[in-house]
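To keep things clear, I will list the structure first and then write my remarks on it.
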Protein chains: 4
Amino acid sequence: MRLAAELFAEKGYQATTVRNIADEAGILSGSLYHHFDSKESIVDEILSSFFDELNADNKAVLERGGDPRTVLTELVRNCFRTLVPHRAAVMVMQNDWNYLRQFDRFDYLARAEEETERLWVGQIKRGQETGLFRDDIDARLTYRMIRDTIWVAVRWFQPAGPLDAEGVADHYVAVLFDGISTGPR
Amino acid sequence: MRLAAELFAEKGYQATTVRNIADEAGILSGSLYHHFDSKESIVDEILSSFFDELNADNKAVLERGGDPRTVLTELVRNCFRTLVPHRAAVMVMQNDWNYLRQFDRFDYLARAEEETERLWVGQIKRGQETGLFRDDIDARLTYRMIRDTIWVAVRWFQPAGPLDAEGVADHYVAVLFDGISTGPR
Amino acid sequence: MRLAAELFAEKGYQATTVRNIADEAGILSGSLYHHFDSKESIVDEILSSFFDELNADNKAVLERGGDPRTVLTELVRNCFRTLVPHRAAVMVMQNDWNYLRQFDRFDYLARAEEETERLWVGQIKRGQETGLFRDDIDARLTYRMIRDTIWVAVRWFQPAGPLDAEGVADHYVAVLFDGISTGPR
Amino acid sequence: MRLAAELFAEKGYQATTVRNIADEAGILSGSLYHHFDSKESIVDEILSSFFDELNADNKAVLERGGDPRTVLTELVRNCFRTLVPHRAAVMVMQNDWNYLRQFDRFDYLARAEEETERLWVGQIKRGQETGLFRDDIDARLTYRMIRDTIWVAVRWFQPAGPLDAEGVADHYVAVLFDGISTGPR
DNA sequence: CATGAATGAGGGTTCATTCAT
DNA sequence: AATGAATGAACCCTCATTCAT
């Protein structure tokens, strides 16, 4: 699975052949089918384990409570933290989701994402209602921008680089809440 | 080309067969080869025409001059404006670039992007130097966040929706410069 | 199609590979798919053309009318006559139907057979009602025996042998109507 | 063996996988190889046990003696009686023989069938010589028709149906000797 | 400008069989 | 007696591409 995930991340799901994965594992392609039903089921396991962990972490943040800014900050940190161990899964989501979503078996991922959207949008709206966030922005649109910006970072983010996950998360949160301008709003 | 672009955008480059494109055009697959050298050359033309236009627009903004905030605002608007006519090309870049970049023939796109990066990062740094932008943010990191957020929007942006390209651009610029928080920075 | 039919007849549907067929045709296996959708569709065409012709012939016999003995005799002759040009199709029906019937696409063959059964059984019953045939035999059971005996003959019948199709048919009809015994019934 | 026979009968020899058999037996496919050398040897055992029993029964009939009509009647009854306990073996012979005969190891079955043919044809000819059977019929052809009609009945014969093995045998013998017509021959 | 037949490489998958444990 | 991992060959099928017409 780990080897397959890396190949999917590097070359893309479609461009990775079952034979590639087997080669990497040092076995024959047919032998893979002793462990997996199909190529689809491999990527399914990769993605679902990623989503399961992310959802659990998100729920934990919600349960800890706090004002919307705190909650959003923690959610963002969650994402960037997840980026490292699930780099491959995120990469697949970014590059291959448009292909994978056509298969019924991945419907559950679309539903999971909808639930996540409700969770984030709920926090943004609460922030607007309590006067913490500007109310001239669209909550749903803002969520999508946040979401996309975070996950797409997988394409260039290097944990070994100058900024680690925490560092990038904080940088991102800083821009998100206060913008890049100086001076009064 | 337009038909091919739409198919690439909808199903992805790899998942779109030459036969799909030919069917859409009402001819046989072999006949396509009177118009194109290869499947790669089709997507190449789609992408290069997009990049050419975008680069030209970006350069025009630079030539008009102005303070960094104005320039960045115009650059963002440029992008969102380009999103509509070049929706398919952007979609391909988002979904299939990871696959396409392995071919030498697309190296020029990577180089074009590097140039664009220099252009944007230059403006951000100029803003920091003139005290317009916070200097506790990383210019390169910030550029990447801006870039990703804009282009990834192609996945959900609908020009016929509540916000048109201009609207989304302004929304985005508002958040970018001043953040989503109220109150003093 | 003719080549494929012969291979199916000789080795069986499952044991005949697409490559076998292509080799026989002097092309590559992939090239077959320019002419056929799938291996299934090849056998489908073979079988349906056989059934179509047989049904048409049967209907023609019915339309010509006559007493049940005459009609049954003609139906039997029809079958044996069909055996020669559609040898391969009959062979496939005998050997591979048990496998093929699991696929929905061949449901129509089962339905066609039911219709044929009604036709034959109708004639046998009419013979019994008019006192032409013994009424201590079961019409449906008798039909099945007739049917099976005829078609299974494909396994050994050789048109170039001592008896041609007509000869075998007449032999069969003789036994069927009057039995192999001499003396009074 | 019983489980394998049922699967072979239901789905066909080729379409039944070793894994199918093992699943049915509640073990893993590899474990089957402690009991059988190969898939072929399983079907071999099924078929040979069927043929052994049938041959023994046939020889017993011959030894009991009697006029050809009596002997043939008993041979037919033998077959239909064997149909019930060896349903699966007969099914395999009907559906898969064309495939299995290509393997040398099953040559003995072809030879056993030749011997059986001699036995039956001998009785028919004896009947013709003694004036019991019409001599305008071909003994060998008639044997084949009898044989085929009997065994192919496995496809629809249901011991729990209106007619049991004995009933079908008698029905068949009645038609065979006296035909389905009324009136003088 | 288009056809349509064919190529050839490779795709995911199946499956009888082996074998160390 | 059974496991479970692996083999290796083959299977059906796909698809970008070529080319004579």
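Any Cβ shown, glycine's included, is placed from N, Cα and C.
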Of the residue ranges C:17-36, C:77-96, C:97-116, which one carries the DNA-binding region annotation in TrEMBL?
C:17-36
Mind checking which residues reach the DNA-binding region (C:17-36)? Cβ under 8 Å, same chain, six or more beyond either end.
3-4, 6-7, 11, 42, 45
Tell me the residue counts in helix, strand and coil for the domain 'HTH tetR-type' (C:1-54), as DSSP assigns them.
38 helix, 0 strand, 16 coil
